[in-house]
C-alpha cells in the first residue's frame, strides 16, 4: 500500500513538474499557445521565421523546414546556414504532411499568419503547439491576412517586427540574441531620416519592384516602406493592394525611374532587359534596373537585415551624394559576422 501511494505521489509530482515546465505565449494571431519549457525540436514552415531563427543562432533546435525554403530565401542562402540542406521538409506555407511531421516528433511548429485554419487545426489536433508569425501588428480583422489593410503601415511593421523577433527568441530561449537583433534592425533609421528628411514627396524617386510574372507589391506591405525610408516612392502603391500580378501596360503607365529586382529572382533582370516592351520605360533608358543584394529583402514582410542594411543600400543607390561617407561594406560585413557568423559575399547584385 505504501509502495502504491509512493508511486502515485511520484507520478503526480512529475505531472506537476511538467505542468510547471510548460510556458504560455501569445502568438501574432493573438492565440494563447502552450509550449514546452525548452525547445529541442522545432519545425519552421515559414521562411521569414527561418531567417530570423538562423540569425538568432537557433538552427541546432530545428529539425524540419518548409519545402521551398531555397526559392523563398534565395539559392545562396544555404551558404549562411548549410545545416538546412539536409533537414526534413514536412510542409510549406499553406499545407503540411501530418505523417511526416509526426515522424519528426516536434516540440513546436512555426507557421505563417495566413496559414489555412485547417492546417493549424490539423497540427493542433495531434497535440503539437502551433505558433503563427506575421511580423506586423494592426487591426484584429487583418491579422490573418496575406494582404492586409493597415491604418498605420509604418507602425504596424515596426512594432510587428520587434514583437515577432522577441517572440521567436522567447520560444528558442535566445532573449539576448533577440534583443541585439532588434537593436541592430532599427539602428540606421535615424541616419536615413537625417539625410533624407528634406526630400519632398514630389521629389522622391519613382520606383517599381519587379517580381516574376509581373508580380509586384502595392500598399499594405513592407516593400513600400523600405522605399519610403530610402527616399523612394512605390509607383504601385496608389492603385494596388498587397501582392498582385499587374500588366506591362500598368508598368508603362507608371513609368518608374528605377526598377528593383530581389536577389532571389535574378532571372527577372535579363527578362526585363531583353524584352522590347520595357524599352521605353525611364528606368531602362537610364540603365537603372538593379538586382538587389541578398540583405536588401524588399519583401512583403520585414526582415531585420532589410531594415538595418537594405534601406541604407537603397538610399545610397538613389542618393549617392548624400551617403558618400557611409561605409556600407563595413556595415554589412559587421552585421553578417554578428548575426550570420560569417562574412558577406556579394553575388551579382548592384552595390
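From the backbone N, Cα and C atoms, a Cβ is placed for every residue, glycine too.
Of the listed candidates (208, 217, 344), Swiss-Prot assigns 217 to the same molybdate site as 47, 48, 264, 300, 301.
The predicted model assigns the domain 'Fe/B12 periplasmic-binding' (41-322) a mean pLDDT of 98. All chains included, 26 other C-beta atoms sit within 10 angstroms of the C-beta of residue 217 (molybdate binding site). Within 10 Å of the Cβ of residue 264 (molybdate binding site) there are 21 other Cβ atoms, across all protein chains. Largest Cα-Cα distance over the residues recorded as binding molybdate, namely 47, 48, 217, 264, 300, 301, equals 18 Å.
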